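*Asks:* First, the structure itself, so that you have it in front of you.
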Amino acid sequence: MRRTARHLGRAVSLKGRARPPAQIRAASALSAYAHDRRRTATLTVRRRDHSHSHGHVPEGDPDYEVTFRIRKTGETKTVPAYEGDNLLRLAQRHDIPLEGACEGVTACSTCHVVLTDDFFDQLEDDGDHADDREEDMLDQAFGLEPTSRLGCQLRVDARFDGQVVELPEATRNFYVDGHVPQPH
Amino acid sequence: MLRLTRRAFSSTPSPRVAVVGSGPGGFYTAKYLLRDSKNVHVTILDRWPTPFGLVRYGVAPDHPEVKSVQDDFEEVATSERFSYAGHVFVGHPADAPSHTGPVVPLNDLMNLYDAVVVATGCDLARKLDLPGAELEGVVNARAFVGWYNAEPTFSHLQLPDVSDQLRSVIIGHGNVALDCARLLAAPSSHLDATDIHSTAFEALQRLPSKRLIHVVGRRGATQAAFTTKEVRELTELENAALVIDPAELEAGDTEASIEEGKARPLKRKRKFLDQVAASTNTAEREVHLRFLRRPVAFEEGAKGRLGAVVFEKCVLEGDVNAQTAVGTGVLESIECDLAVCAVGYTASPPCPDGRRARPQDGPAGTYAQVGSRVAPKLYCSGWVKRGPTGIVGSNVADARETAAAVLEDLAASGVAGYGEGTSWADWRRIDGVEKANARNGAPRAKFSDVEGMLDAAKSS
C-alpha cells in the first residue's frame with residue numbers, strides 16, 4: 001500500500017512510514033545502471049545534491065518549482081523541487097502518474113516526458129542531450145516528439161526552475177486505433 | 001478497507017476479479033485494478049507455481065534491468081486485496097496434458113468471480129511450414145528462449161554436437177531473433193552472473209569458440225522489427241563482431257522504404273546500421289545481419305541432420321508501409337548446424353464456451369474484441385489483447401484501459417455496493433497507531449474520534 005502510505009502518512013506517526021518505495025530501494029542495488037556519468041560531470045551549479053537521498057523526502061526549503069502538465073486531462077501541478085532531484089522520482093513523490101516501470105535504469109520508456117522547445121534547446125546547447133541508451137529507449141516511447149526525454153535521466157538544477165514538463169497521452173488502443181498487420 | 005456490497009452479508013464482501021496470467025499484462029492490470037478501486041480484490045492465476053510470465057521466461061538473462069519491473073509487481077502483491085493462485089491452469093484439460101496442478105475451465109472461473117481478465121499472452125510459436133522443418137537441428141525460438149530461461153516445458157533442448165565451429169542461422173528480424181543471436185555469440189563471461197538456465201549455460205560453454213551466426217530477414221532494414229538497442233548490444237560483445245554487407249543493406253532502399261524510414265527511431269536505427277556496415281569487422285564469433293532473403297527449405301546434411309537453410313533472394317515491392325518481399329528466383333544456401341525460427345508468436349486463448357483453446361479472430365490469434373471487453377464479465381490485457389508486440393512498458397497503457405473497463409462495468413452492474421467499512425487488518429493498523437501514540441508507560445492512547453481511526457486505518 002505504498003500509495004496510501006504516501007498519501008496519508010503525514011497524518012499519523014508510525015514507524016513504518018519512512019520505508020522507501022520498492023523502486024527506490026531496488027534502484028540502489030542497480031546503481032551501476034542508474035548512474036549517469038555524463039550528466040553528473042556537467043552539472044556545476046548544484047547547491048545541494050539530494051540525488052542519493054533515495055526514499056526520504058528532502059528537507060528544508062525547496063530550491064525550485066517545476067510544473068507537470070498531464071496532457072490527457074489538461075491538469076497541471078506545480079511542485080517544489082530540490083537541486084539534484086531526479087525528475088521521475090520528483091513526479092512520483094507528488095503522485096504525478098509518471099510510471100517508471102524499470103525503476104529508472106533506462107530499460108523502458110514509461111517515464112517519457114515532453115519538454116518545451118526552448119527548454120529542450122537550452123539543455124541541448126549545454127551539452128545535456130540524451131545519450132545513446134536513453135535515445136534507444138525513447139525510440140520505443142508512445143507519441144515520441146522532437147523534445148521528448150526520459151524523466152529518469154533528468155536531474156533538476158536551476159534551469160528547471162519554472163519549467164513546464166508535459167506527460168504525453170499514454171492511452172492508446174492498439175486494436176481499435178487501427179492495428180496494421182505487418183505484411184511479409 | 002473493506003467495501004460493503006449487495007453481497008456483503010453472504011460469503012463475498014467485495015467484488016472479486018480473477019486475472020489469468022502473471023506476466024506484465026496480468027500484473028499491470030492487477031496493479032491498476034487495486035490502485036483505482038478501494039474494494040476490488042484481485043486473484044492472479046498462473047499455470048506455473050512461479051509468477052511473472054515473460055519477465056521470467058521471455059526477457060533475456062543478460063537484460064536484468066528489464067526484469068527490475070518485478071520489484072514493482074512484488075509491491076503490488078503486498079496489497080491485502082491481492083492473492084496469487086499458482087500452478088492452476090485455466091482452460092480445457094486437453095490443452096494442458098502435462099499439467100500436474102488444478103485445471104479450471106474458463107467458464108467455471110467466470111462463475112466464481114465478478115470479472116475475469118485473460119492475460120495469457122501469445123504462447124504459441126508461429127511455425128515455418130517449409131520442407132525439412134522436422135530435421136534435427138531446426139528449433140523454434142519459443143523453445144530456444146524457453147530453454148535458456150529454464151521454462152520447464154523446454155528445459156531439455158539439445159544443441160548440435162559440433163567440434164570445430166558452430167554455424168547457425170536465425171530466421172527472423174525481431175528482437176527475439178537478436179536475443180537468440182546474442183546468446184549464441186556471447187562469451188561465458190557475459191552470461192556468468194545471470195539467471196540463465198544452468199544446463200543451457202553449460203551447453204553454450206561447451207560449443208566451439210568459433211561461431212558464425214546469420215540472422216536473416218525477408219525484407220529490408222527499414223521493415224525490420226528489431227530496435228537499435230538490441231543491434232547495438234551485438235556490437236558490444238567481447239570477442240564478437242556484427243557484420244553487415246553495405247550492398248545488401250542498400251538493396252532495400254526503395255522509394256517506399258525511404259519514405260517509411262523518416263520516423264526518428266528508424267532514422268537512428270539506419271544510421272547505426274550504416275556505421276556498422278561501413279566498418280570492417282571480423283572476430284572469432286561473427287553475427288551477420290542479412291536482408292532480403294526468404295527461407296524456402298531446410299536441407300538435410302550429414303547423419304540426417306540439418307545441413308543448410310535455402311533462401312531465395314527478394315526485392316521489395318508495394319506501397320509505403322505495405323511493401324512485401326517478392327522472390328527473384330535466385331537461391332542462396334547457408335550451411336548450418338542449427339536453425340532457429342524466430343518469426344513471431346501467436347495466441348491461443350482459453351474459450352468461454354468450455355471448448356479447447358484455439359486461435360481467435362484478432363491479430364495473431366488474439367481475441368477479436370474491441371477494446372478490453374471480450375464478452376460479458378470477460379476481459380483481456382497484454383499480448384492476448386493487442387498481439388505479440390511492444391516492450392514491457394507497452395503494457396502500462398493497455399492494462400490501465402482494461403482495469404478501467406472492468407471497474408466501470410462493476411460499478412454499472414451494482415456489484416460495487418454500499419460504501420466502505422473497515423476490516424480486521426484496518427483495526428490492526430489503528431491498534432498500532434494507538435500504541436505508538438501512548439504516553440509514558442500507558443498501553444495506548446485511544447482515538448476518541450472516528451475520523452482519527454479511519455486515518456490510522458489507512459496508514460501502513
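Just so you know, glycine gets a Cβ as well, placed from its N, Cα and C.
Just so you know, TrEMBL annotations are computer predictions that nobody has curated.
Per TrEMBL, the features are:
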DOMAIN    B:16-349  domain 'FAD/NAD(P)-binding'
BINDING   B:L54, B:V90, B:W383  FAD binding site
BINDING   B:H173, B:G174, B:N175, B:V176, B:R218, B:R219, B:E230, B:G390  NADP(+) binding site
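Show me how these features fit into the structure around them.
*Replies:* The domain 'FAD/NAD(P)-binding' (B:16-349) scores a mean pLDDT of 95 in the predicted structure.
Within the same chain, the residues at least 6 positions away from B:L54 (FAD binding site) whose Cβ sits under 8 Å from its Cβ are B:G23, B:P24, B:G121, listed in sequence order.
The Cβ neighbour count for B:R219 (NADP(+) binding site), using a 10 Å radius and every protein chain shown, is 24. Secondary structure at B:R219 (NADP(+) binding site), as computed by DSSP, is coil.
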*Asks:* Return the binding-site residues from the list B:L54, B:G174, B:R218, B:W383 for which some CB of chain A is under 8 Å from the residue's own CB; sequence order; 'none' if the set is empty.
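*Replies:* Among the binding-site residues B:L54, B:G174, B:R218, B:W383, the ones whose Cβ sits under 8 Å from a Cβ of chain A are B:R218.
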*Asks:* I'd like the number of other C-beta atoms within 10 A of the C-beta of B:R218 (NADP(+) binding site), please.
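*Replies:* For B:R218 (NADP(+) binding site), the 10 Å Cβ neighbour count is 24.
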*Asks:* Between all pairs in B:H173, B:G174, B:N175, B:V176, B:R218, B:R219, B:E230, B:G390 (listed as NADP(+) binders), what's the biggest Cα distance, rounded to the nearest Å?
*Replies:* 21
*Asks:* Sort out the sequence-distant neighbours of B:V90 (FAD binding site) for me: same chain, 6+ apart, CB within less than 8 Å of its CB, listed by position.
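*Replies:* B:V90 (FAD binding site) has long-range Cβ partners B:V20, B:L45, B:R47, B:V103, B:V104, B:P105, B:L106, B:L109, B:V118, B:T120, B:P350.
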*Asks:* Let me know the largest Cα to Cα distance in Å among the FAD-binding residues B:L54, B:V90, B:W383, as an integer.
*Replies:* 18
*Asks:* Among the binding-site residues B:H173, B:G174, B:R218, B:G390, whose Cα is within 10 A of the Cα of B:W383 (FAD binding site)?
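*Replies:* So the list is B:G390.
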